[in-house]
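Asks: The structure follows.
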Amino acid sequence: MSESTGAAPPAASARAASMTRRRWTASQVARFKPVLFLLCLIPFLRWFYLGYNDGLTANPVEFITRSSGFWTLAMLLLTLAVTPVRQILDQPALVRVRRMLGLFAFFYVVLHLLTWIVLDRNMDLSSMIKDVLDRTFIFVGMAAFLLMLPLALTSTQGWMRRLGMNWTRLHRSIYAIGVLGIVHFWLMRAGKNDFAEPILYGTLLALLLLWRILRAWRHRRRPAAT
């Protein structure tokens, strides 16, 4: 049996070097971002296509409301998925797509809100206030939007520098926004007793949050173990 040394085995060193070489650079990720931008824009463009071809169903307002709500939640989950994916794949440069995905989540939630304000409530302020106060799922959705607003406004590098560590604390509210988004979806579907999709998205959100909790727990234990 050979004596153990402090040096890493050659095979392990070769694998580590190979993984480092295969990491995407910031410029490689930047070249992919225009493609990702167009992919994220497809749902929005599809509404125009469906509208032109009379494909927005018998209730276009409901269709756009639900579609914009779905894509808000989808973009939010994709934003939260960036960190686990880049850690699992060992691709730190992927963090550069997170801001774009987060802003698309805000883009779709603004469209979701505007559809409700302009097309559903006809910009009737008293009707909107009554809806927010009387319908729990709308109240929860409005709370989620108000939490998203400062995140979108402070998403630039300039705001990151101005706020320092407070920027990180502020943007951690994305977890609460995700939970509120699922609750909003769940309550909206409660009237039809149809919980399949909220359960699916809630499970995905729970897994993404669990990943962060476990990773933070391992980091806290590491100094104590050494």
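In case you wondered, yes, glycine gets a Cβ from its N, Cα and C as well.
Any TrEMBL annotation is an automated prediction that lacks curation.
This is the feature table in TrEMBL:
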- 69-181: domain 'Ferric oxidoreductase' (DOMAIN)
- 29-49: transmembrane segment (TRANSMEM)
- 69-89: transmembrane segment (TRANSMEM)
- 101-119: transmembrane segment (TRANSMEM)
- 139-160: transmembrane segment (TRANSMEM)
- 172-189: transmembrane segment (TRANSMEM)
- 195-214: transmembrane segment (TRANSMEM)
Asks: Please spell out the DSSP helix, strand and coil residue counts for the domain 'Ferric oxidoreductase' (69-181).
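Replies: DSSP composition of the domain 'Ferric oxidoreductase' (69-181): 100 helix, 0 strand, 13 coil.
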Asks: Are there at least 3 C-beta pairs under 8 angstroms linking the transmembrane segment (172-189) and the transmembrane segment (29-49), leaving out pairs fewer than 6 apart in sequence?
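Replies: Contact criterion not met.
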Asks: Using a Cβ distance cut-off of under 8 Å, indicate which of 69-89, 101-119, 195-214 has the most pairs with the transmembrane segment (139-160).
Replies: 101-119
